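Asks: Structure below; questions to follow.
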Amino acid sequence: MSETVTGRGGSEEASREETVNETQSERVSYLRAGHTLRSWFFTTDHKRIALLYLISVTFFFFIGGMAAGLMRTDLLTPQGDVLSNEGYNRAFTLHGVIMVWFFLIPSIPNVFGNFLIPLMIGARDLAFPRLNLLSWYIYWIGGLFTLWVLLAGGVDTGWTFYTPLSSMFANGNVVMAAAAVFVVGFSSILTGLNFIVTIHTLRAPGMTWGRLPLFVWSHYATSVILVLATPVLTVTLALIVAERLFGLGIFDPALGGDPLLYQHLFWFYSHPAVYIMVLPAMAVVSELVAAAARKPVFGYWFIVFSSLGIAAVGFLVWAHHMFVSGMSMYVGAVFSFLSLVVAVPSGIKVYNWTATLWKGHISLDPPFLFAMGFIGLFVVGGLTGLILAMLALDVHVHDTYFVVAHFHYIMVGGTVSAFFGALHFWWPKMTGRMFSIGWGRLTALFIFFGFNMTFFPQFILGYLGMPRRYHVYDPQFQVLHVLSSAGSTILGFAYLFPFAYLLYALRYGKPSGDNPWEATGLEWTVPSPPPKHNFDEIPVVTREPYDYEVEKEGGA
Amino acid sequence: MRSELRPLALVYLGLLALLALTVAGSFLPLGHASPAVSFGIAMAKALLIVWFFMGFRREGWAVRLAVLAGLVWLTILLSLTLLDLLTRNWLMPHFGT
Amino acid sequence: MTRSGLVEEPFSDPEQQRRAALFGMTIFLATEILLFGGIFAALIFYQAAHREIFVETSRELHIWIATGNTVVLLTSSLFAALAVAAAKAGNGKATGWLLGVTAALGLAFLGLKGWEYALEYGEGLLPLAGGDAKLGEPGKRLFMDLYLMATGLHAVHVTIGVCLLLFIAARIATRATRMPEQATTIEVSTLYWHLIDVIWVFLFPALYLVR
């Protein structure tokens, strides 16, 4: 580990305690550029906003996680003995709403995208810093609505708000929950807009499109989806609220309205939303794999175009959620084909990562282990996705635990692993301190095994016919449910580990230096933690991306 | 500013002419061609506004691409959703519903 | 023309800043296209499903008020475009007045729309309590539900646009915004106004000219 910056500050205090005091870079960093609450809550610094988001999404991650814990406890026995039927419905609805809109979608883009995109392209901030702050406040308005729903007794429609259940029959706070998602959508839109404009207009001299880190490219693709898909969800939720509040029955079958139209509009957003969650994860993994293998990324342009391809084709597959809904079977066949097509760019990425590792000098650091976890779990999630994309096979497993397992492999196994990978990889950059590598490795392993123990049994459960969204089930499924619940306990504890050692590192960790992983990229050329304005002078880029020195054959 | 007045006024007159055309056209018995005609005219009006009033004729490709992407994605939404409705009972009546 | 004081933090020159502002607004316009896109999808979907009753109901709307309203909005767009020309030429006073006229035409649009709603309410065509006497037939109510949602959402946008333009006109009047240094502000805000016009250009045939 290169120690370009050492803890020189305050020799008297340093001797008094074992803690390393402020380093020189920390003194002038964004973290010390103001200590008042005001300097945090009214900051326009993208790095501080990223930290605000980090705290916020972690908060919602634990609320959503608690709902999951309740459900897994209830599912230990075939009877519903912890939650009432109504309570179970409310638990999985809030779990879905919170995890999708308040954790997964903002997680990587709003924390790491916010922090890193300006640093990676050589800019002092995002194009619209105040809009960035506004987006965080909008996120919290939506978040407070959700917490209100939680306290007021919840909502039981499922995170999909299907009509006519949501518009005509559901009791509970549908309007408030829909309003929460409606509001948080604007936060997504503003973030996506900000990223696109930033990447277009604020690249440093020499930072051509072909030199952009893959992290930035993938976030560009994500932003395109955020901007083009979210408004459709916004208006669809507005239509539900109008139906519930003012009786304007747009989807009411009694008036000739069609609930399938609702499903089309909803999935036009919500399928691409899956790519909003997974593309940033792929962004992270591309960086992690290259840094761990110490080699240039294999097939840079293939990865770039597969990101853009996923963003585009991802919009053409939504109706595979509706195969058994009574939709036209001809359209079903078209969507089935297109859903298989979207697997191609994802496959290209996996092959490219693997090829990048080939003959690399791999270091088994925590970020790399998380990246490997992502690739393994993403492949399982992706391949079971192919089963679900096929019209005939889907009929058998539709709305069973097979689907639940599939999308948790993508979203939790994939995105959450990548989120933790990013957190470990860039933690030294964000805070200037190195955490315990051993604990990091252990966490990565525990998350991987806990995750598989939780969700692999659910594939079998689903294949055997256990429907999703039920908490009273046939006793023959109990063994697998208990296994899954046991796994979720391990997973839950593994998610808590980083809390301890990352926060411990804040105070007792060794100063990390500018570039602890010896990675390429502009973000590693600035001090850790970076100064308020990122670069004293806007850098001029003359090197290709990922220009790790490849050792010659037989070389040391 | 003087030099701008003439082309903008001409575009404005063109827009009013198209409006007259589409209202008049709606009273003709065009049958199933009627929506195509009225949306075609609306598209022409929109192009005039975007190109001249919004000044897109002077802007770079990025700005044009942003609006174009909005339109292309809207087309995806409309066409695939409509395709479902139109083929739902095709060949096999009342298969689904 | 370029005063360095007007270049804000992440940007290094005014041209870069102008490009970013315009690009940001156009992306926002794309999101607006898709926002209304959801309503257009519903309109087109249901028009294909319930063609006859939709044609019949559309004929009962006040096409002449709507045509007049289209003229009002197109005219307002002309004034908005002229305001940009004036702003670029450095004529702050003319810019302020032209924006004022644009906003006034927006208010006229809202007035006419309100009058139209009142007429429909009286005729029993509006799907609100007390105003829906003639909406017994399901398809008819479905069309009017969509009509009210579409025009209502559009009216909300017009209201926001009017407020925005009046705010900028006031800032020009008090010299808080200066031309031509801040002409980009006018360009960006009028882009939004034009989009409101474009959306109406499509709502008009989709609601009033269904034949």
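Any Cβ shown, glycine's included, is placed from N, Cα and C.
Per TrEMBL, the features are:
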- A:10-19: compositional bias 'Basic and acidic residues' (COMPBIAS)
- A:40-542: domain 'Cytochrome oxidase subunit I profile' (DOMAIN)
- A:1-22: region 'Disordered' (REGION)
- A:50-71: transmembrane segment (TRANSMEM)
- A:91-112: transmembrane segment (TRANSMEM)
- A:133-155: transmembrane segment (TRANSMEM)
- A:175-199: transmembrane segment (TRANSMEM)
- A:220-246: transmembrane segment (TRANSMEM)
- A:266-285: transmembrane segment (TRANSMEM)
- A:297-321: transmembrane segment (TRANSMEM)
- A:327-348: transmembrane segment (TRANSMEM)
- A:368-393: transmembrane segment (TRANSMEM)
- A:405-427: transmembrane segment (TRANSMEM)
- A:439-460: transmembrane segment (TRANSMEM)
- A:480-504: transmembrane segment (TRANSMEM)
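Buried or exposed, and what's around them? Tell me for each listed feature.
Replies: Residues 40-41, 43, 82-83, 88, 91-92, 94-95, 98-99, 102-103, 106-107, 110-112, 114-115, 136, 139-140, 143, 146-147, 150, 430, 471, 488, 492, 495 of the same chain lie 6+ residues outside the transmembrane segment (A:50-71) yet bring a C-beta within less than 8 angstroms of a C-beta in it.
Beyond the ends of the transmembrane segment (A:175-199), by six or more residues, the same chain brings 93, 97, 101-102, 105-106, 109-110, 113-114, 117-118, 121, 123, 126-128, 131-132, 134-136, 138-139, 141-143, 145-146, 148-149, 152, 155, 157, 161, 166, 212, 216, 219-220, 222-227, 230-231, 233-234, 237-238, 240-241, 244-245, 276 to within a C-beta distance below 8 angstroms of the stretch.
Same-chain residues lying 6 or more positions outside the transmembrane segment (A:220-246) and placing a CB less than 8 Å from one of its CB atoms are 109, 113, 161, 163, 166-168, 174-175, 178-179, 181-182, 185-186, 188-189, 191-193, 195-196, 199, 212, 252, 262, 265-266, 268-270, 272-273, 275-276, 279-280, 283, 307-308, 310-311, 314-315.
Listed by sequence, the residues of this chain that lie at least six past the ends of the transmembrane segment (A:439-460) yet keep a Cβ under 8 A from its Cβ atoms are 72, 364-367, 369-370, 373, 376-377, 384, 401-402, 404-406, 408-409, 412-413, 416-417, 420-421, 424, 480-481, 483-495, 497-498, 500-501.
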Asks: What residues elsewhere in the chain lie close to the transmembrane segment (A:405-427), defined as a C-beta under 8 angstroms and at least 6 residues from its ends?
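Replies: Sequence-distant neighbours of the transmembrane segment (A:405-427): 99, 104, 107-108, 111-112, 115-116, 274, 277-278, 280-282, 284-285, 287-288, 291, 365-367, 370-371, 373-374, 377-378, 380-382, 384-385, 387-388, 433, 435, 440, 443-444, 447-448, 451, 454-456, 458-459, 461-462, 498, 502, 505, 517, 523.
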Asks: Residues sitting near the transmembrane segment (A:327-348): Cβ under 8 Å, six or more positions beyond its termini, same chain?
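Replies: Distant Cβ neighbours of the transmembrane segment (A:327-348) are 260, 299, 302-303, 305-307, 309-310, 313-314, 316-320, 378, 382, 385-386, 389-391, 394.
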Asks: Which listed range (A:133-155, A:266-285, A:297-321, A:368-393, A:480-504) shows the maximal number of Cβ pairs under 8 Å with respect to the transmembrane segment (A:91-112)?
Replies: A:133-155
Asks: Mark yes when the transmembrane segment (A:133-155) and the transmembrane segment (A:368-393) have three or more Cβ pairs under 8 Å (sequence separation 6 or more) and no when they do not.
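Replies: They are not in contact.
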Asks: Thinking of Cβ pairs under 8 Å, which stretch from A:133-155, A:266-285, A:480-504 has the most of them with the transmembrane segment (A:297-321)?
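Replies: By the under-8 Å Cβ criterion, the transmembrane segment (A:297-321) pairs most with A:266-285.
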